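Student: Pulled these from TrEMBL:
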ACT_SITE  D32  active site
ACT_SITE  D226  active site
DISULFID  C260-C294  disulfide bond
DOMAIN    14-329  domain 'Peptidase A1'
Amino acid sequence: MGNSLTNQLKGTFYSIDIEMGTPGQLVSVLFDTGSSELWVNPNCTKASNPSLCQQLGHFDSAKSSTFNNTGIKHVIGYGSGYVNMTYAYEAVKIGSAKLRNQLFGVAFDSEPENYGIFGAGPDLRGWDDPYPTVINTLVQQGFTNSRAYSLDLRSIESQRGSVIFGGIDTGKFSGHLEKRPVIPAEQSPDGATRFWIYLDGITVSTENGTEVTAFDKVDGQPVLLDSGATLSSLPGPIVNELLKGFPSAQARGPLYQVDCPVPGSNGSVNFKFGNAIIKVPLEDFILQVDESSCALGVQQNDEMPVLGDTFLRAAYVVYDWDNRNIHLANSADCGSHLTVQQI
């Protein structure tokens, strides 16, 4: 079951369209593999970007005949914000799937942004926790055969990516899909059930043809594959070695200002997972800050290492809940005529 993702604000986040309520109200929410819950905003009164908030749409429960408010309030903390919300049940349409009585949250306060979130990760308490996530509901109501989906963000210049629930598209990656077991919660950096896997190495292929090794150790670094994170985050020692591949780098707060990449250059940042090396072109890993300056797509974080959109744009990733595996390959575009294969 394929669904388009929209590149918002030049790769800042990726949104998915859903319909809420009866009759359906179109809302576009951030697609987030790093969290588990679905929530939407009822208005744009506190939005930091009101025009974007209006463009993405919002949910008016008073206009739906199937809205069922539980009255139960909850707060969710994110890496850089929070949401206060009330739980409710509602009809939710995702692509061709019409979910009945899906549990979700209606926000009444959120920071720093006001667009909703589609959490596509497992409940932090466990893979089989009874909380009815959207991924669970898709299987329970017969729309998919497995709790697995494949993510294809495309390059930063692409306006559209895609997510396929319950399947893969063999035309969207090159080589084989490398299987990596998800790290058990008790062995992970934060002790929670998330899509943690081990990273084996990082190198930088510079624009002038030299190779810089930033890190090289089998199962040496846990990383979270998080589509809700604009940037990637890695421990200080790895970032310091990575910076050797970018001699122009200068610290600007949490970011590193670097020379903007030459269009069409062969430079890349390369991430090793087992037998697979995901090559991220510099044009995808370096972000344009303004007309004359750019920033490296990684920042330092010793406690929560994440590979976010600056990595995921170059990868085709299958998130397999049921078998506790991640499968990765380099993204490619070999046509859209190939059939979707069931996982």
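Note: Cβ is positioned from N, Cα and C throughout, glycine not excepted.
No curator has checked TrEMBL annotations; they are predicted automatically.
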Student: With Cβ-Cβ distance below 8 Å and at least 6 positions apart along the chain, what are the contacts of D226 (active site)? List them in sequence order.
Tutor: D32, T33, G34, F195, V306, L307, G308
Student: Mean pLDDT, the domain 'Peptidase A1' (14-329)?
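Tutor: Its mean pLDDT is 94.
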Student: For C294 (disulfide bond), what residues in its own chain, 6 or more apart in sequence, show a Cβ-Cβ distance under 8 Å?
Tutor: Q257, V258, D259, C260, P261, I286, L287, Q288
Student: Given a 10 Å Cβ-Cβ cut-off, pick out the one of the recorded positions D32, C260 that has the most other Cβ atoms nearby.
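Tutor: When each Cβ's neighbours within 10 Å are tallied, D32 tops the list.
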